[in-house]
Amino acid sequence: MKAVVLGSGGWGTALSMVLRDNGHETWLWSHHPDKAAQMAAERENPLLKGVRLPEELQITGDLNCLEEADMVVCAAPSFAVRETGRKIAPYLRPESVLVSVSKGIERDTNLRMSEILRQETHNVCQVVSLSGPSHAEEVAIQMPTGCVAACPDRTAARFVQDAFMNDYFRVYTSYDIVGVELAAAMKNVVALSCGICAGLGFQDNTKALLMTRAMAELTRLGEQLGGTRRTFGGLAGMGDLIVTCTSMHSRNNRAGILIGQGKAVQEAMEEVGAVVEGYYAAESIHQLAEREGVEMPICRCTYEVLYEGKHVRDVVSELMTRAKKDELLETAWL
Ligand SMILES: NC(=O)c1ccc[n+]([C@@H]2O[C@H](COP(=O)([O-])OP(=O)(O)OC[C@H]3O[C@@H](n4cnc5c(N)ncnc54)[C@H](O)[C@@H]3O)[C@@H](O)[C@H]2O)c1
Ligand SMILES: O=P(O)(O)OC[C@H](O)CO
C-alpha cells in the first residue's frame, strides 16, 4: 500500500512513522519544501525532538508524490484543510481513501473537516476521520494509544483501521463521523478553559467539574447536529477531552494556562508557537450553539474571554452561580 501524509507538523510526522512501521510505502509531504529538505537530511522533525525518522520514510515538498497513492492522510492545521483539499483533488481516484486527522471547524462556513475535503475533492473517494486521545509526542515514541476511524462506509473505516493498527496504535471503527469530528473540535475549547482554570490556580476538583459539565454541553450540541450520543463517551469524546485537558503536550491547555496567568490571548498563542485550534473552534461553536439554540455556558464563557475581553475571574463567578439544576434531568450523556 502506498500512503501519503500531507502536513509535516507533529501529528503528520508521527502518523507517517506509524504507517512506515506497518510496512507501507510512506511519503510525508511538507507545505514548506525547505523544511522537507531539512527533515530529509537530518532525519528529525524539530517539533519531535530526539525522535529519529526512519530511513525508509520518504520526505518531500513535491505533490507528485500523490501519484498512485492508495491512502492520503490530510494532517494540515484546520485553517489549511480547504487549500490542501483543493491541491490534492487532481491526484485522487475513486478507489483512494482520504483520511482527515485535523481537529477543527472551518471559520465562516462552520463546516467539519471531512465536509470541506469532500467539497474540494468533489466526493471522488471516501473520507474517513481518524481521531482520539493521541499526542504526537507519545505516538512517535510508541506509547500505547487508541483512536477511532469514523466513516459511514464501513469498508473505508476498516481500511484505515487495518492500515494504522499495530501493537502500540489501536484503532476502532465507527460509522459516526459527525460525532467524532464535532467532539474533536469541541474538546479543544474545553482544554483552553481547563488551562485557564489551572492558570488561575484552581486544582483538580475544578478541572473535573469543568470537564464533566463541558462534556454535557458537547454532547447536547453534538446530538443536535447529528452526532450519536455514545460517541461523546468514547475515545474521540471523553478520551480526547481527558488527554487534552490534562496533558502538558496540549497546545490548547498550555495556551489556556498562560491566559489564566494573565497573558493576553494573542500573546499566549504566540508563546505556545503551534496552532491552538481551540481558539478558532470557540468562535464556530459559539455560532453553532446560538444558531441551534443549545445552552453551552462553559463554551460561551470561553468565547467571551477569548474574543470579547471578558475577565476570567468574572466568568468563574458567573458559571458557579448559575440557576440550580438537577444533574440527571439536565445531562444528556449520563
Ligand atoms: N499534535 C498532535 O498531537 C495532534 C494530535 C491529533 C490531531 N492533531 C491535529 O492535527 C492537525 C495538525 O496539527 P500538528 O500538531 O501536526 O500541527 P503543528 O502545529 O505541529 O504544525 C503545523 C504544520 O502545518 C504546516 N502548515 C502551515 N500552513 C500550511 C498549509 N497552508 N498547508 C499545509 N500545511 C501547512 C506547518 O508547516 C506546520 O508543520 C491539527 O488540526 C491538530 O489539531 C494534532
Ligand atoms: O495539542 P492539542 O491541544 O491540539 O491536542 C492534540 C490532540 O488533539 C490530542 O488528541
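Just so you know, glycine gets a Cβ as well, placed from its N, Cα and C.
Those TrEMBL annotations? Automatic predictions, nothing curated.
Noted in TrEMBL for the protein shown:
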- Lys187: active site, proton acceptor (ACT_SITE)
- Gly7, Ser8, Gly9, Gly10, Trp11, Gly12, Ala136, Arg251: NAD(+) binding site (BINDING)
- Trp11, His31, His32, Lys103, Ala136, Arg251, Val275, Glu277: NADPH binding site (BINDING)
- Lys103, Gly132, Ser134, Lys187, Asp240, Ser250, Arg251, Asn252: sn-glycerol 3-phosphate binding site (BINDING)
- Lys103, Arg251, Asn252: substrate binding site (BINDING)
- 4-156: domain 'Glycerol-3-phosphate dehydrogenase NAD-dependent N-terminal' (DOMAIN)
- 176-316: domain 'Glycerol-3-phosphate dehydrogenase NAD-dependent C-terminal' (DOMAIN)
Cβ contacts within 10 Å for Gly9 (NAD(+) binding site), all chains included, total 19
CB contacts under 8 angstroms to Val275 (NADPH binding site), restricted to the same chain and 6+ apart in sequence, sorted by sequence, are Gly9, Pro77, Ser78, Phe79, Arg251
One residue among the binding-site residues His31, Lys103, Arg251 has the fewest other C-beta atoms within 10 A of its C-beta, namely His31
Recorded positions Trp11, Lys103, Ser134, Lys187, Asp240: those with Cβ under 6 Å from an atom of ligand 2 are Lys103, Ser134, Asp240
Close to Ala136 (NAD(+) binding site), taking Cα pairs within 10 Å and only the recorded positions His31, His32, Lys103, Lys187, Asp240, Asn252, are none
Among Lys103, Gly132, Ser134, Lys187, Asp240, Ser250, Arg251, Asn252, which the record lists as binding sn-glycerol 3-phosphate, the farthest-apart pair of C-alpha atoms sits at a distance in angstrom of 16
Over the domain 'Glycerol-3-phosphate dehydrogenase NAD-dependent C-terminal' (176-316) the mean pLDDT stands at 97
In the three-state DSSP scheme, Lys187 (active site, proton acceptor) belongs to helix
Of Gly7, Gly12, His32, Glu277, the binding-site residues lying within 10 angstroms (C-alpha) of Asp240 (sn-glycerol 3-phosphate binding site) are none
The rounded CA-CA distance in Å from Lys103 (NADPH binding site) to Gly132 (sn-glycerol 3-phosphate binding site) is 10
